[in-house]
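Peer 1: Here's a structure for you.
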């Protein structure tokens with residue numbers, strides 16, 4: 001076992017850690033992807049003074065932004081404020097985050113020579129993230145902290161496309177036309193992802209979530225051939241830390257079993273489910289002993305409280321059916337991130353409702 005696993009916080013009262021470890025929590029745990037973000041006025045006030053990348057590398061700012069939704073909403077977990085491309089910066093990739101666009105890569109990676117020129121993650125470059133984790137572990141007291149990283153496929157898509165993409169056409173074309181370069185790229189990105197998560201785990205995060213945001217663009221056959229082995233290596237490399245690990249993607253109903261299998265070496269495994277798939281159905285698709293996370297449609301939060309309440313109750317009921325169907329536990333979340341236009345008061349009320357059910 002990794003030495004850091006022996007010194008990790010003991011949080012026996014955490015509903016989140018109970019649910020993901022297959023124990024019965026004293027209340028339904030709830031947190032939200034992108035809970036620290038543009039829906040919060042206090043976040044917008046801070047970001048008015050800092051661009052996204054500088055915010056991600058300022059330990060005290062990362063700490064404050066991560067804590068904001070915990071204070072406001074009483075969620076059962078904090079997730080480290082970061083961006084999916086931060087580890088790419090740690091590996092020397094020239095990129096920027098452009099308002100209204102997202103990450104933009106200065107020199108996309110599209111050839112064998114481009115792949116060969118890529119450098120490994122330098123831990124010193126991401127030292128502020130470790131510093132932020134240490135601050136947060138001290139400040140959160142009884143609330144677990146979830147570490148954060150993008151999965152190799154999603155990082156590959158940003159690198160190959162040069163930024164966000166609707167169809168991931170260049171990515172899939174390279175994958176199919178030049179599998180040698182593809183797998184070489186995925187090996188390097190796997191090492192970067194593992195290194196970035198090790199930085200967070202060594203600093204004390206209590207769990208990790210790996211976001212494969214764009215994996216839903218793939219068929220099951222292509223996912224298994226070109227992606228799953230690399231994602232599986234991420235989780236296998238981190239298994240000795242002894243922390244729960246979550247694997248999440250959007251539009252991945254047909255991939256849930258394979259995404260669950262990639263998690264297999266982890267001591268406690270969680271698969272995130274989006275709103276398109278019923279949790280009880282997802283429970284039959286994942287590996288035995290897997291907990292589920294999700295899956296309220298983020299748009300529901302814009303539809304008024306009566307709609308939110310009805311939908312939230314349905315998700316909690318579906319989560320209980322999922323546990324009856326074999327899921328190890330259920331963590332209430334959205335099926336994707338909080339939308340910027342979401343009323344934070346609705347989120348606070350939603351947390352209170354879920355805790356009461």
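Note that Cβ sites are derived from N, Cα and C of the backbone, with glycine treated the same way.
Pasting the relevant annotations from Swiss-Prot:
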BINDING   34, 35, 36, 37, 38, 83, 158, 213, 336  substrate binding site
SITE      83  site 'Transition state stabilizer'
Peer 1: Which whole number of Å gives the largest C-alpha distance between any two of 34, 35, 36, 37, 38, 83, 158, 213, 336, the residues noted as binding substrate?
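Peer 2: Roughly 23 Å, rounded to the nearest whole number.
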Peer 1: How many Å lie between the Cα of residue 83 (site 'Transition state stabilizer') and the Cα of residue 158 (substrate binding site)?
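Peer 2: The Cα atom of residue 83 (site 'Transition state stabilizer') is 12 Å away from the Cα atom of residue 158 (substrate binding site).
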Peer 1: Given the binding-site residues 34, 38, 336, and counting only Cβ atoms in the protein chains shown, which has the most within 10 Å of its Cβ?
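Peer 2: In terms of Cβ crowding, the pick is 336.
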Peer 1: Near residue 36 (substrate binding site), which residues of its own chain have a C-beta under 8 A away, given they sit six or more steps off in sequence?
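Peer 2: Counting only residues 6 or more apart in sequence, the Cβ neighbours of residue 36 (substrate binding site) under 8 Å are 43, 65, 66, 68, 69, 78, 79, 81.
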Peer 1: Rank the recorded positions 83, 158 by the number of other Cβ atoms within 10 Å of each Cβ and report the first-ranked residue.
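Peer 2: When each Cβ's neighbours within 10 Å are tallied, 158 leads.
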